[in-house]
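According to TrEMBL, the protein has these features:
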- B:6-27: transmembrane segment (TRANSMEM)
- B:59-80: transmembrane segment (TRANSMEM)
- B:87-107: transmembrane segment (TRANSMEM)
- B:127-153: transmembrane segment (TRANSMEM)
- B:190-211: transmembrane segment (TRANSMEM)
- B:217-239: transmembrane segment (TRANSMEM)
- B:246-265: transmembrane segment (TRANSMEM)
- B:277-296: transmembrane segment (TRANSMEM)
Amino acid sequence: MLNITNVNKVFNAGTVNEKIALRNVNLHVKKGEFITVIGSNGAGKSTMMNMISGGLTPDEGSIKIDGKDVTRLAEHQRAGLIGRVFQDPMAGTAPNMTIEENLAIALGRGKRRTLGFGVNNQKRELFREQLKQLDQGLENRLKTKVGFLSGGQRQALSLLMATFTEPKILLLDEHTAALDPKRAQLIVELTEKIVERYKLTTIMVTHNMEQALNMGNRLLMLHDGGIILDIPDEKKRTMKPQDLLRAFETARGGESFSEDRFLLT
Amino acid sequence: MNQLAIMGAIEQGLLFGILALGVYLTFRILNVPDLTVDGSFALGGAIAAKFIIDGTNPFLATLLAFIVGGLAGAFTGVLHTKGKINALLAGILTMIALYSINLRVMGKANLPLLREDTLFTYVKDMGIPNLAVGGVTLLSGVAIVFIVGVMVLKLIIDWFLHTDMGLDLRATGDNSKMIRSFGVNTDSTTIIGLALSNGLVALAGAWVAQYQGFADVGMGIGMIVIGLASVIVGEVLFGSSSIFRVTLAVILGSIVYRLVIAIALDQGLNPSDMKLITALIVIFALTVPTVAKGIWKKQAVRTARGGSSDA
Ligand SMILES: Nc1ncnc2c1ncn2[C@@H]1O[C@H](COP(=O)(O)OP(=O)(O)OP(=O)(O)O)[C@@H](O)[C@H]1O
Ligand SMILES: [Mg+2]
């Protein structure tokens, strides 16, 4: 479903600020896989996600989604294939537009825009149906401006908007990190429910090792621009956070895991 | 103050309401400060006057003004999105360029339309009677036609902003990162928005030229501020809770603005003082709500702390 081949990315090449963000990354994701990604700050997780979404272009290498080479496609040109939820709950929705208008935009993902009404009764019916699964009562507030919702509600709505059109790939970059624990848990449960329902091919970045182990069916660890661990489902099920730390040390040839670089939760 | 001055202010307010709608599209919907307006307003007047004098049907000439104004807006949009020029600067560049272009179009600095058939002479020839209640004239017959025309435009804009494309345009101003992640090219929506906005502004210029009976190369000076004044005054006085409401509000804001100007003139101020008055209106409308909110908040805090402190 997703093939990342020999991707390299260097920021500010040739200057004192040169930073190698990705080194020769190879990743092959099968349809229906739910990958969790962990790694220290600056490891290159967001950079990898942005390569897939088209926010950044690789210096070298190629990216294919569902057999289609998207390496040189602009973000908006490949958006039809990709659903995304950002870390910032404010980032995924338009605050001065209503819930139904936001959903209408999501429904039109990657399609040609027309001069037909953005929202009509038929769409409203669909939106109500979809909003019900969030259990936030939003199905009765279609005409509320999204800016009036809480952070958790906005993130739940962002998640719905990213998924209900069943994208080929779902990208979640620390999408629960800005929420309080209770709300974060709610979004985690919702994520599992939705991914399961549509069998979405998903890549989720998290700083929470428990989350990374409990969710999904494959785990990647990034370090210094490379994938240093790729743990399959069977092995992942048996692991505890301590095992992950040990695996990291082995992979790095004895380098210990400095806790200040890796937020443990 | 005499009735004629009031009636004139309402007529002008309605025509400049089209300008306000255009400025609203960029300033509020796209969230881009666009200074092309001064140039595209005069461009609309110049195109309409030139073509009418050359014998073109005034309807067609006015439509042309709208289209050419749209091109000017699109030019600013391309400078801003593709040329990566700051929006303010892109607008200023187009505006300055248009000054020369407008002179080229007109051939001289001022084109009188007094002997020509224009949209305005058509409207007058319709002979719609003034609307009077108990001997007091409320609206001129001309204003009644203007109301119909401006309302039709308003409704078209309301409709457009609720289409798929309109939603994209609004989301571009509201959260461009989000709308890109849903597959929309925000460069295109920005260019479309600027084109539509300046098309409306040029349409206003075309109407005003026919209404006042001439086009002048300087007729656009200060139009951006007048447009902003209408938008801001309208929003403050008449609310902005929905698109439908706010588009009405900016038109009403434009009428209020003209009435304030008429009153200021009636009080003996010079026409040349009006730019100052305009700036004061905008400053007043921008600051008063903020200050009022601050006072209201302080009072709310005081009440919440358990009764008023001055008891
Ligand atoms: N636009 C940019 N310009 C320059 N350097 C960048 C840019 N984006 C990222 N970097 C650098 O690339 C490296 C990888 O950044 P990235 O954001 O991918 O890390 P991350 O794994 O997502 O980290 P975090 O856990 O903090 O989110 C970092 O050293 C970062 O400073
Ligand atoms: Mg990151």
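Glycine is treated like the rest: Cβ placed from N, Cα and C.
For the transmembrane segment (B:59-80), the list of distant contacts is 32, 34, 36, 39-40, 43-45, 47-48, 51-52, 86-87, 90-91, 93-94, 98, 119, 187, 190-203, 205-207, 210: same-chain residues at least six beyond its ends, Cβ to Cβ under 8 Å. Between the transmembrane segment (B:87-107) and the stretches B:6-27, B:127-153, B:217-239, B:277-296, it is B:217-239 that has the most C-beta pairs under 8 angstroms. Outside the transmembrane segment (B:217-239), and at least 6 residues removed from its termini, the chain residues within Cβ reach (under 8 Å) are 16-17, 19-20, 22-24, 27-28, 34-35, 37-43, 45-46, 99, 102-103, 106, 109-110, 201, 205, 208-209, 245-246, 248-254, 256-257, 275, 278-279, 281-282, 285-286, 288-289. When Cβ distances are compared across the two stretches, the transmembrane segment (B:6-27) makes no contact with the transmembrane segment (B:277-296), since fewer than 3 pairs at least 6 residues apart fall below 8 angstroms. Away from its own ends, the transmembrane segment (B:190-211) comes close to residues 11-12, 15-16, 18-19, 21-23, 25-26, 29-30, 32, 34, 36-37, 40-49, 52, 58, 61-62, 65-74, 76-78, 80-81, 113, 118-120, 153, 160, 165, 169, 172-173, 219-220, 223, 227 of its chain (Cβ-Cβ under 8 Å, at least six residues beyond either end).
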